[in-house]
Amino acid sequence: MGRGPSFWVAMAALVLAASCYPAFSDPYTIGNAAYFMVWTFMAMGLGIVWGYCGVLSFGQTAFFGLAGYAYGVVSINLGAAFGLTWLALVLSVTIGGAFALLIGYFMFYGRIKGVFIGIVTLSVTLVLETFMAQTAGPNWRIGDARLNGFNGMSGMPPLTVPWPGGDIVLYSGTALYFVLLVMVVVCYLGLRMLLNAPFGNVLVAIRENPERAEMLGYDIRLYQTLAFGLGGALAALSGTLYTAWGQYITPSSMGLTAAALPIVWVAVGGRRDITATLLGSILVIAGFQTLTIYGSQYALIVMGALLVFTVLVTPDGLISTAMHWIGSTLRRTKR
Amino acid sequence: MDFFHTIFSVMYQFGDAFAFLVISCAGLAVIFGMMGIINLAHGEFIMCGAYVTSAAGRAGLPLPLAILCGALAAAIVGIVVERLVIRHLYQRPLDSIIATWGISLIATQGVLILLGPTMAGVGTPLGSMALGERSYSIYRLVLFATSIGLLGSLYLLFYRTRFGVISRATIQKPAMARALGVDTRRVYGLTFGLGAGLAGLAGGLYAPTMTMVPTMGATFIVESFVTVVVGGADIFVGAAPAAAVLAIIRASLTAWYGHLFGQIGLLVAVIIVIRVMPGGLSGFLKRFQK
């Protein structure tokens, strides 16, 4: 995947369709589509860490939440003038990524394997949630930003693009949609290149057989840590964009339910290929949104059932399996 | 006399933390140590035990019997879950985490829909006793004794009974056990049921001390996971000493800085322990045995 003319034709067609989409749609659905795209970064990050590198992380929401709070603190203190919110974005993604590198260093250089990684990452995110939930008092403030404990932090400025004749404020709407679309496309292509490069091949080699990869002379700890840091930075990007989008972040964004959601998207969508992860998670998020509107109580039950079903019946994920099926059918008809 | 009171207070704090860690992690440790499966629905089995205990207690059963009902109910649910889902995933331990997580989502939300956001609990029995200026709940002392008793009976079960021999054989060399005529599928099912039952027991024991909400399992899950990670795969040379060490850390940090720092201290301890000894305490201790 990711090489050859058919890939680029499909890619260009998709991007074109996505750019034309706002012309045929109402503002509410455009806002919704932008909201779905906010989450895709976290899904792609988990796709790399879990699907490519074989490291199951339950803690992506830790980086998500940490970066969300970091964006709040930095942007409230700096303000939104001169596009300074983008500096806040860069800073909070860096903080989230650095935290992921630190956790990754301790885990992979400590030679933790398999299920233990899941437990450690889950513990990290739950402890962060507990910590943020108790920051209610007036003494918990950084500069002008109050952390507000369980009620969450609000009042940070949304992203703004400096523009001659008045800044463009990226509230939910068409402008935000296009900015996010560009970010998703750039991010996807970058990851595609990275994963097609030797780096991606080494990650897959580690997933398939860590001992063999090590015998071939690769320092698997370094590769795993780097992949984990990258996944964390992507989750942090999602967190930052989410906070800027809703101007709101709470500790429960790091709770058990929140931590489960990225796993659901990636597992159900497909994790062995970044394209399947991206398309699958958008579909699953959209489906989940619809479910929440029409039967909010039952949404989580359906999610859980879907997860169990996927694991038992199509371990590669629904979208991956469907893509393989379509691919093999096409090949058969060509013959 | 003041000195004696301080000592007792510290011991009490330690015993409380130790009992909580041992009781809440026993089920998880049995399933993980014996089967290599991480059961993320552990908290929901605890919740199941607590709910059944409360219901039975309010229906008029004496508390010990009600707790037994809770443990039994969780064990039965555990055996059913093993048969329906877990059985197909023994070759894929990572996927079994996801599946048990799916089960936990269904259970939490299902209980919320069926039984509402909260449920009436049973009061803490046995009252309290005063010593010096502070008063101590007698029930917490009973829990400490129970945790010791639990470790003892698990030891007897695994090292002194036929079931113990067969299950340990199944764990170490499944193919050989099967060749010798052991029904390994049944052993796995029973072991999972035992783990779930222990989780239910934890829920039943702590039911009188907590509020009954569908998400109550989450309060146990971090502590029990942390204990199992620090302990490693063996419940006796791993989980039990790990619980003791962690209890000291948590009791002292909680006493000096408050509950939150107790929890953060646990996490830092975990990260340091696995950086220093990857196999957990049991792996570390086993290296000395050789």
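The backbone N, Cα and C atoms fix where each Cβ goes, glycine too.
Copied from TrEMBL, the annotated features are:
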type     : residues  : note
TRANSMEM : B:18-41   : transmembrane segment
TRANSMEM : B:61-86   : transmembrane segment
TRANSMEM : B:98-118  : transmembrane segment
TRANSMEM : B:138-158 : transmembrane segment
TRANSMEM : B:187-206 : transmembrane segment
TRANSMEM : B:226-249 : transmembrane segment
TRANSMEM : B:256-277 : transmembrane segment
Cβ-based contact of the transmembrane segment (B:187-206) with the transmembrane segment (B:18-41), 3 or more pairs under 8 Å: yes
Cβ contacts the transmembrane segment (B:226-249)/the transmembrane segment (B:98-118), at least three under 8 Å, sequence gap 6 or more: no
Maximum Cβ pairs under 8 Å to the transmembrane segment (B:98-118) - stretch from the list B:18-41, B:61-86, B:138-158: B:18-41
